[in-house]
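Annotation comment: TrEMBL describes 34-52, 58-80, 92-109, 129-151 as transmembrane segment.
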Amino acid sequence: MGSLPSKSTAAVMMSLSSLHCYRRVHKGCRYAKAAYRLYFLTGISTIVRDTIFSPSEYFVTLTDVLFAWCYVLGLPLLAADVCRCSGALPDLAAVHLIIPVASLTMFHVNPEHVDPYLLAVSHSCSILAILVCGVVSGHSASFAFSLSYYFAMFRLDPMFDKGRMVDFMEHWQFIIAISNLFSAYLLPR
């Protein structure tokens, strides 16, 4: 593994931005707070994994599982609260969570049957819902948030090749750190 400054910079940024957003948003934004907690825990576990010279297999697996949870649930949790709090699409708030929760269940029960295309459709709907809610409620941060999440979800290579997984996680965490700051402006304080 690499040293802390070179390998864990993105994880530190994601952890700090998640902590900042967690403290900034209103207590009633329970879905967003859950997303920020997931991001924070993933960042911390990545930092610890990268600073230990020979981490145990259990800890590496834990970090990979936390990353999978963040990748699958982070955006839909944020979209659910943005829809709920903006008033534009409050009835669709919980709909964002159906496919990701089913995907996570399949990931833990039978990983071969996880459909990445269905998850991509779910994430696309979440990005579009955030964009619509932002436009309706007059938040210009929704454009930056949607664009950064688009790059995080679709422009990076999400294939879980173990040789490239660490590089993918590092780039993804960097983009999520930036996206978190935009998402905090879409939610009430």
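Each Cβ is built from the backbone N, Cα and C atoms, and glycine gets one as well.
Just so it is clear, the model here is predicted, and its values are computed rather than measured.
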Close approaches to the transmembrane segment (34-52) from elsewhere in its chain (Cβ under 8 angstroms; 6 or more beyond its ends): 1-2, 4, 7-8, 11-12, 14-15, 17-19, 21-22, 25, 59-60, 62-63, 66-67, 69-70, 73-75, 77-78, 169, 173, 176, 180
Residue numbers, six or more beyond the limits of the transmembrane segment (58-80), whose CB comes under 8 Å of its CB atoms: 31-32, 34-35, 38-39, 41-42, 45-46, 48-49, 52, 93-94, 96-97, 99-101, 103-104, 107, 119, 122-123, 126-127, 129-130, 149, 153, 158, 165, 169, 172, 176, 183
